[in-house]
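One structure below.
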């Protein structure tokens with residue numbers, strides 16, 4: 001029994017450590033929610049799951065140390081629910097970010113983003129006028145567009161240098177007009193119509209060189225936010241899948257050890273109890 005308790009205690013300790021990357025992923029999403037992605041509710045399920053794993057693991061560890069079968073049982077039940085919640089979150093994250101990506105642009109290092117390339121619940125959430133007002137204000141206040149400016153020897157970068165840059169989805173969608181508008185480059189956030197006609201893209205008329213306006217009301221900006229969310233969620237989901245696989249392995253080990261503890265407590269020698277019950281002795285004195 002002691003060896004089984006030690007095994008359960010070790011599994012609980014390792015499970016506690018596994019909660020750290022999940023909690024870290026939630027905190028990372030939270031930091032991006034305040035600066036880049038600007039969608040503030042997505043990180044909370046991960047943070048709650050991470051904290052729950054920590055608390056449940058501590059309860060299971062205490063149960064193993066003090067040989068409290070109720071705490072061990074509670075650990076197994078609660079951890080099963082947490083694993084189910086983590087599976088649900090991973091499926092949800094992949095489902096809502098399944099469609100949509102940036103489009104390549106000829107002779108450009110960055111991608112352009114179009115709202116019609118995305119669909120589903122997350123697109124509707126971001127596109128909602130009331131919600132978008134908060135998101136666009138967050139992007140503007142974060143200074144994302146102000147930070148893309150570069151100087152070389154006191155002079156701003158040239159058009160050719162800018163065109164070869166790899167911009168983030170938010171920078172590409174919110175800080176410059178779409179490439180098909182035909183605007184001429186002045187600097188990173190200042191563009192003029194040039195000699196050609198403005199493209200048919202509705203965003204072309206929404207572009208404004210005023211630094212508080214830019215393309216914050218453009219569909220391209222909303223698409224850029226969706227593209228940024230997709231990248232963030234996919235990175236976190238990869239970590240969550242690895243943690244989930246290890247959690248399931250640890251859960252199976254802990255369940256087997258718990259069954260062994262119960263068998264020993266019931267004085268059922270391994271491999272004999274079931275045989276005795278299925279083939280009772282008929283010998284009587």
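Numbers here mean position along the shown chain, with the first residue as 1.
Every residue gets a Cβ built from N, Cα and C, even glycine.
Annotation comment: TrEMBL describes 6-29, 41-64, 70-96, 238-258 as transmembrane segment.
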- Item | Long-range environment of the transmembrane segment (70-96) - Cβ separation under 8 angstroms, sequence gap at least 6 | 8, 12, 15, 22, 45-46, 49, 52-53, 56-57, 59-60, 62-64, 120-122, 233-234, 236-237, 240-241, 243-244, 247-248, 251, 254-255, 258, 261
- Note on the structure: Under 8 Å Cβ-Cβ from the transmembrane segment (41-64), and at least six residues away from its ends along the same chain, one finds 5-6, 8-9, 11-13, 15-16, 18-20, 22-27, 29-30, 33, 70-72, 74-76, 78-79, 82, 85-86, 89, 229, 233, 236, 240, 247, 254
